[in-house]
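Chemist: If you look up Swiss-Prot, you'll see LEU19, SER20, GLY21, GLY22, LEU23, ASP24, SER25, ALA26, THR27, VAL28, VAL29 marked as ATP binding site, on the strength of sequence analysis. If you look up Swiss-Prot, you'll see CYS198, CYS208, CYS211, CYS214 marked as Zn(2+) binding site, on the strength of sequence analysis.
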Amino acid sequence: MTEQAQNPSSSEKRAVILLSGGLDSATVVAMARAEGYRCYTMSFDYGQRHRAELHAAERVARDLGVVEHKVIGLNLNGIGGSALTDSTIEVPEAPGEGIPVTYVPARNTVFLSLALGWAEVLHARDIFIGVNAVDYSGYPDCRPEFVEAFERMANLATKAGVEGQGFRIQAPLQNLSKAEIIQAGVRLGVDYGLTVSCYQADDSGHACGKCDSCRLRAEGFKAAGISDPTPYF
């Protein structure tokens, strides 16, 4: 019998954690581990501009000692509609008004749905996601209302939820600034040199230093008073 098919003991806590390979999700893995969870991480090869973040996710998962790291293949560039999945749309190098073109339609809904499925198989009741509503790019699926609504849906749409074994969607970074996230991660031993945040990093993980994600990351390290380990072009 595989570990996935076994019910955990009453004292064992399991969590599925969405791990992009970036700063925020790496911090969330460390937080869950510190809370005593056996951590199962999930990343997605969804047709994004580069694979550097997937390599980063593997490094982070290994460094933080997760139980299992799973990479799911999707083809969101078949849908397009985002600068991250459509090479004909340029990644902006300055903040704009409204929801930016780097928003990927329904991405967190899709990712959380697959994490929910794995959590049900694992008999895990907690799903962690590194969304943030303070220092963020304005994506609608990073807001607290979205997280709360998805949790309600998860408990309506699953066998476990119907049988009273409810799921919790945990977003521990929701109300933290980027500086606070970095400070928390450093306290928990996160090696941010392993992570990649840039929307258009090269294959080696070197960052452009110009996109919104790079800007938020650099400002966060500066505000935290911590040296930024990010390699740039």
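Glycine is no exception: its Cβ is also placed from the backbone N, Cα and C atoms.
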Chemist: Compute the centroid of the Cβ atoms of CYS198, CYS208, CYS211, CYS214, then list the same-chain residues not in that set whose Cβ lies within 8 Å of it, in sequence order, for the Zn(2+) site.
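Modeler: Once CYS198, CYS208, CYS211, CYS214 are set aside, the remaining close residues are VAL91, SER197, TYR199, GLN200, ALA201, ALA207, GLY209, LYS210, ASP212, SER213, ARG215.
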Chemist: By the count of other Cβ atoms within 10 Å, pick out the sparsest of the binding-site residues CYS198, CYS208.
Modeler: CYS208
Chemist: 10 Å Cβ neighbour count around CYS214 (Zn(2+) binding site)?
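Modeler: For CYS214 (Zn(2+) binding site), the count of other Cβ atoms within 10 Å is 20.
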Chemist: Which ones are near LEU19 (ATP binding site): of the binding-site residues CYS198, CYS208, CYS211, which have a Cα within 10 Å?
Modeler: none
Chemist: Among all protein chains shown, how many Cβ atoms are found within 10 Å of the Cβ of SER25 (ATP binding site), not counting that one?
Modeler: 25
Chemist: Going by a 10 angstroms cut-off between Cβ atoms, which of the binding-site residues LEU19, LEU23, VAL29, CYS211 has the sparsest surroundings?
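Modeler: Comparing Cβ neighbours within 10 Å for the binding-site residues LEU19, LEU23, VAL29, CYS211, CYS211 has the fewest.
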Chemist: Given a separation of at least six residues and a C-beta threshold under 8 Å, show me what packs close to GLY21 (ATP binding site) in the same chain.
Modeler: SER43, ALA52, GLU53, LEU54, HIS55, ALA56, ALA57, GLU58, ARG59, VAL60, THR195, VAL196
Chemist: For a quick check of packing: other C-beta atoms within 10 Å of the C-beta of THR27 (ATP binding site), how many?
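Modeler: THR27 (ATP binding site): 27 neighbouring Cβ atoms within 10 Å.
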Chemist: Rounded to a whole number, how many Å is the Cα of LEU23 (ATP binding site) away from the Cα of CYS198 (Zn(2+) binding site)?
Modeler: 10
Chemist: List the Cα distance (Å, whole number) between CYS214 (Zn(2+) binding site) and THR27 (ATP binding site).
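Modeler: Each residue's Cα considered, CYS214 (Zn(2+) binding site) and THR27 (ATP binding site) end up 17 Å apart.
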Chemist: Could you name the residues, excluding LEU19, SER20, GLY21, GLY22, LEU23, ASP24, SER25, ALA26, THR27, VAL28, VAL29, of the same chain that surround the ATP site, i.e. Cβ within 8 Å of the Cβ centre of those residues, in sequence order?
Modeler: ALA57, VAL60, GLY130, THR195
Chemist: Provide, as an integer number of angstrom, the distance between the C-alpha atoms of CYS198 (Zn(2+) binding site) and VAL29 (ATP binding site).
Modeler: 19
Chemist: How many whole Å apart are the CA atoms of CYS211 (Zn(2+) binding site) and SER25 (ATP binding site)?
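Modeler: Counting only the Cα atoms, the answer is 19 Å.
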